[in-house]
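TrEMBL annotations:
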{"type": "DOMAIN", "residues": "A:64-99", "note": "domain 'EF-hand'"}
{"type": "DOMAIN", "residues": "A:101-136", "note": "domain 'EF-hand'"}
{"type": "DOMAIN", "residues": "A:145-180", "note": "domain 'EF-hand'"}
Amino acid sequence: MGCTCSKERLVHEDPAVLAAQTCFNVSEIQGLYELFKELSSSAVDDGLISKEKFQLCLLGSSKIQSLFADRVFHLFDSKNNGVIEFGEFVRALSVFHPVAPQEQKAAFAFQIYDLWQTGFIERDEVRELILALLRESDLILSADLIEAIIDQAFKEADLKGDGKIDLEEWNEFAAQNPSILKNMTIPYLK
Amino acid sequence: MFQTIRQMNRIIDNEERAAESVSSSPMPEEKLDGVLLGKYEICRLLGFGGFGKVYEACHVVTKQSVAIKVVSKRDLRERGLMSQFQTEIAAMRRLNHPHIVKLYEVLATKTKIFLVIEFAKGGELFDKFVKSGPFGEDQHRRWFQQLISAVQHCHSRGVFHRDLKLDNLLLDEDLNIKVSDFGLSATTKDIRPDGKLHALCGTPAYLAPEMLNDKGYDGDKVDVWQCGVVLYVLTFESLPFTGANVQTQLRRIRRGEVRIPRRGKPENLIHLMKRLLDPNAKRRITIDEILKDPWFKKGYTEIKVQQKNLEWEDENRPKSLNAFHLISFGSGFDMSGLFLDRPELEFSGSVERIVSKETPRRIVEIVEAAADRDIVTVTGKEDGMGAKVEGHDGTFAILIGVYRLTDELVVIEVKKKEQDGDMGAQFWKDKLRSRILELEHKPE
């Protein structure tokens, strides 16, 4: 490692520390660093990934409005300062590692779907998410059908029957339906 | 004596055209050297194939050794071999087997076509055999097993080689067979309405008797016969049918006059050879029977065909979808966009998911009806959750998943992957896309 690397280490977290906290080993983290450098240098090379850059990578355009990319960005940006730093990037990606625990994935998904951060997934949030999906895909569902699908999901997930899904119920539901967390795993990371 | 087992002249009969010898006629052309199309550095001339010169070359970046077959477009046109040449490419594209040379890519300039092919470092089995043979029964069996496995693969993908001989069996550095030169091959497309192939082609010494009777023949039977000739040559170091001239030779083949000497050869080997060289094509041993033959079976383990990365990870697909499955389809969740160097396998072309009122079974039926058996195989129908359409050439796969959404509706999900070329995209566009779209249920 040359001197440029030690300079970078002043800015970025120690790979060994990140390795201890995540599913990645040190050399994988170095690989992720290369990736991070590339992603963060598009448009403005400031060593950070802004929301625009993030959207550009995920959707191929920074112009498209995507509720999903929005939510995922916010979860990556754990310090909530509008940019993703390298440490945040590695920690968030670790959740998507094939060997990351299911509970971690479930908790991450729960936070994405809890749009208004009330600690619950509510019917209105689920409707909002489904409508967002329909807007960006070819799927066409009638309003009645959407309600029926939400009814069915709450019948299965809302065990306490209070009209909202808490984290505990969500974990149980995800354990019963592991395929709903499929998008929380990136096979390439193996 | 070995010269007697090499017969250079080949017969290519392009339907009406008279038999024409296109053996080793070096074309008076400029020598190819330097870097080809900025990609391959030409190293040396390897020899002359049916359609043109073959060079050894090496990829400029990866340094991988390849063989490049250079064919002149004008030459193909003038000799009326364009369609046969296209068959060769189509045949090779369908195949993916450890004992068949791979076609990596086809390049072209205004005047020439370049087939970039796997380079077999060991050269022709013929040369190896003449120089260092015979190799003994076990080695012969090993080669024969590899040959049969390769031929079985060809037939499963609707390709008939029709010119199997020692000269067309190449070797890699570990003395493994690589079947090459599909220049005279036929595909299922060439089968006439009578269910037979008709073109008279091949190398005289290896022609099967039924090829000479003008009544048409089965490509798979002919290939088996030629494997028999190969085994005969390996065992006895001579051709089963010889003659002072080609006419005599062909007459002997037509009569099926094969004498298999017994001198010191194992009984079961002679038995297998007799069954391979049975002049009666109907009675001749089949590939499936060869696989069960005692002499053949010794030490044989089924040779696995390596699958290209056209698999999907999600083997645990849900039977039905709930609200959160739908949500998880959101594109913002697809993190693959972050990985710049990920293999670009998936091809687009709309219809990723639609809802439909059809049953999963009906949808699979429609997919099957649309699938052209010449190009694709339909698998994975058993679980009632859709089907997988795979190109014979192994370059593309289309997964059509069917998931229950409500009592009345299903979601049809289409995933497409492709490697090298656009066969998959074409197939999807021409055969499947509109039929799937027709199934969509739109609320009033």
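From the backbone N, Cα and C atoms, a Cβ is placed for every residue, glycine too.
Long-range contacts of the domain 'EF-hand' (A:101-136) within the same chain: residues 64, 66-68, 71-72, 75, 92, 95, 146, 149-150, 153-154, 163-167, 170-171, 174-175, 178, 180-181, 183-185, each at least 6 residues beyond the stretch ends and with a Cβ under 8 Å from a Cβ of the stretch. Counting residues per DSSP class in helix, strand and coil order gives 26 helix, 2 strand, 8 coil for the domain 'EF-hand' (A:145-180).
The residues of the domain 'EF-hand' (A:64-99), classed with DSSP into helix (H, G, I), strand (E, B) and coil, number 20 helix, 2 strand, 14 coil. Per DSSP, the secondary structure of the domain 'EF-hand' (A:101-136) breaks down as 26 helix, 2 strand, 8 coil.
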